[in-house]
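Quick notes on the structure that follows.
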Amino acid sequence: GFWVGEIPDVLKNLTYVEKLLIARVRHNRCIVKVASGRYKMRANAITFQSPVPKIYDVLPPPVKELDEVLAFIFTGPCRPTKDDIKRTPLLVRRNHVANALNWLKLNHADYSDVGISKDNLMQYPESDCPVVIDYRESIINKDPEATSVHDNEEEDGVKSGPCSFTVQG
């Protein structure tokens, strides 16, 4: 059923990719575009329904399976730095994934029989993006076709901290 009550701390601050890694059922594919300007950063995701859902008995899935369901496009004046990656929703922190899976196994009936693979978890880079980054050079982070004539801001997004993130689809 649906969770009633406060979201546990161990699940509250997971990144988008960390949530993908602990999901028992995978029913969509996703393209994430992170747009960086000179000062601000923002991220958008578009999800597509997968023709056949996949149910996992062991989590997290092997890192190579993530490439089948997730694509990462980074646009900006230069290639993303480690600090840029840490601000995106594609950051993986192995200890957060392990803690979330352990909590779910103990507290959620649908996860009681899930195996937790330390080998799979160790395949993921620590504090980095687990998929290939497709870099495309761009001077601004605004989409011209999505910009109002009354929009006076040079860039969209936030200057520091986690970048804003919108999921569509």
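Numbering starts at 1 and runs along the chain as it is shown here.
Glycine is treated like the rest: Cβ placed from N, Cα and C.
TrEMBL: automatically predicted annotations, no manual curation.
Source: prediction; values computed, not measured.
According to TrEMBL:
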- 1-121: domain 'DUF6570' (DOMAIN)
- 146-169: region 'Disordered' (REGION)
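In this model, the domain 'DUF6570' (1-121) carries an average pLDDT of 90. For the domain 'DUF6570' (1-121), the DSSP-based tally of helix, strand and coil residues reads 45 helix, 39 strand, 37 coil.
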